[in-house]
Amino acid sequence: MIPTKGAIIPAAVGVDIGCGMNALRTALTAEDLPENLAELRQSIETAVPHGRTTGRCKRDKGAWENPPVNVDAKWAELEAGYQWLTQKYPRFLNTNNYKHLGTLGTGNHFIEICLDESDQVWIMLHSGSRGIGNAIGTYFIDLAQKEMQETLETLPSRDLAYFMEGTEYFDDYLKAVAWAQLFASLNRDAMMENV
């Protein structure tokens, strides 16, 4: 943690904006689960797109062709913020958005069926803002470094470049990060509903 007063350091926040976990205890117990979990896994993979959107095999599909109704409802909460973000920063039009809401992604993201100490079945998942948070973080880190170009050499590391409170980029960065965090939270909620 790097405490600041009147400033924010985008590189200290990082690019994994909104990454987190959800867990839901079900009414099922271990005895309710089938011996072979392959069918359960297949139903989860059908309910939640996973993987990359492009460049992978057909079974590794990371976006919806036709998003379900719950994704539409959650996107309605995000749409105004997305419009602001992409109108002010058109570069974000080419990032994951509506068709990626309610999808798992890649890397260390997962959906897991777990048992607790009393053999109660839980659904646990880990995912985040599906790439758009990374794009926001990366862009604003670079922007902070460009904005501080003249004084950057006075910092111990260029990753300590910051925006001062009260500036346009400070406000825009906070708004963009808050939007990406909401996207990540609604993304996890949609997946949990679909599992």
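A Cβ is built for glycine as well, from the same backbone N, Cα and C atoms used for every other residue.
Keep in mind that TrEMBL annotations are predicted by a computer and have not been checked by a curator.
The Mn(2+) 1 binding site annotation in TrEMBL covers D16, H109. Taken from TrEMBL, the feature GMP binding site covers N108, H109, F110, I111, E112. Annotated Mn(2+) 2 binding site per TrEMBL: H126, in sequence order.
Known features from TrEMBL, placed on the structure.
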| residue | record | contacts (Cβ under 8 Å, 6+ apart) |
| --- | --- | --- |
| D16 | Mn(2+) 1 binding site | G128, G133, N134, G137 |
| N108 | GMP binding site | H126 |
| H109 | Mn(2+) 1 binding site | H50, L125, H126, S127, G128 |
| F110 | GMP binding site | L104, L125, H126 |
| I111 | GMP binding site | I44, V48, H50, L104, I123, M124, L125, M191, V195 |
| E112 | GMP binding site | I123, M124, L125 |
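Of the chain residues outside the GMP site list N108, H109, F110, I111, E112, L104, M124, L125, H126, S127 have their Cβ within 8 Å of the site's Cβ mean position.
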